[in-house]
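So the structure is just underneath, and the comments pick up after that.
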Amino acid sequence: MFARLQQDFHLAMLSLVGLIVFLCVTPYAVYRYWEGSYLVAYVDATLVVATSLAVLYAWLTGNTKGAGLFVASIFCVGVVLVVSSLGPVGLFWTYPFIIFVFFLVPPFRALLLLVLVLVTLLAWSAWLPGTIFDDRVQLTSFVVTATVTSFFSYVFAYRMLVQRRELESMAARDALTGAANRRELDLALEFAAGAGRRSRDKDIALLLLDLDFFKKINDEAGHQAGDQVLVNLVQLLQKHTRLSDQVYRFGGEEFVILLDDVEADEALAVAEKLRQRIAAELQSQTGAVSASIGVALLGPQEAWQSWLARADAALYRAKSGGRNQVVMAQAHTQ
Ligand SMILES: Nc1nc2c(ncn2[C@@H]2O[C@H](COP(=O)(O)OP(=O)(O)OP(=O)(O)O)[C@@H](O)[C@H]2O)c(=O)[nH]1
């Protein structure tokens, strides 16, 4: 449970909001009911129940976006009803509500929802003067403070979003080549051999590619020249594969390309095309560069470790067979 909260930021935020709403709003629902403010009591109770159900839904389905939007919308309606029913005392509740909304939906959507709430409150007070604000000074103060709070929350939430995206990208990419990194590869292999297997009509192929005599480039032209070859190789691989075919850096000068929804002959054709493109286009300061490739199709019920090991064995045969060639792995046996 804690591992899931650590991995899924949205689920963690939604759960936190759910917990705070449950702990803080439930006593108010009871109190309002006890003092006879039935509308506010029902609204508070609805907020608690709806938020709890949405959190449960997010945990069960993983759909945190839908659950977040649902809770944020319920909050918007709830805050309008509470404020219009309680008058100035209810206005205090809009400030934690503003913060909550930024926890639940993306920043721009949160800002739009808040503008909608503010406009609704102003329209309500114009239609029924004296129900929400005591006088114009109170109205102006509320509009200014709620706008400032919303604006700064927006700026803060937007910065957080940008930084989180940067961190996610840094955690997923190889710093030198920009290819997806080993961590992403492990996740993709696990997914392909697990849940992904069920939703696929055709096969999935793993190409394990290793540059030939790469040490020579480093030794003769320097490490920086070697680095440049790796960068150029990834660009070349990305150029000659489909957008859905991910390129991963497995380590050193070894790369993995996962081809989704292919037959064996298609996978071999792609590997052969890549080998030819590399031999024709990839240059180092010491001359042309070539690559050897092992190809393996995921077998039924096969574990990803065995799939990778078969591709590695095929790559080994390509190397020992003279390099600059593609070798198909032996079929998986149970
Ligand atoms: N420039 C550079 N070199 C790297 C990087 N990672 C690994 N290497 C080098 O890649 C070389 C790999 O050498 P080997 O494993 O002997 O492979 P090879 O020379 O390509 O020989 P074969 O694979 O048998 O054809 C080593 O010299 C590593 O130092 C990197 O990020 N940048």
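Glycine too: its Cβ is placed from the backbone N, Cα and C atoms.
Where the annotation comes from TrEMBL, it is an automatic prediction and has not been curated.
Annotation comment: TrEMBL describes 12-31, 37-60, 67-83, 110-127, 139-161 as transmembrane segment. Annotation comment: TrEMBL describes 202-331 as domain 'GGDEF'.
At the 8 Å Cβ threshold, with sequence separation of at least 6, the transmembrane segment (67-83) lacks contact with the transmembrane segment (139-161), having fewer than 3 such pairs. Between the transmembrane segment (37-60) and the transmembrane segment (12-31), the number of CB pairs under 8 angstroms, six or more residues apart, is three or more, so the stretches are in contact. With DSSP states grouped into helix (H, G, I), strand (E, B) and coil, the domain 'GGDEF' (202-331) comes out at 60 helix, 38 strand, 32 coil.
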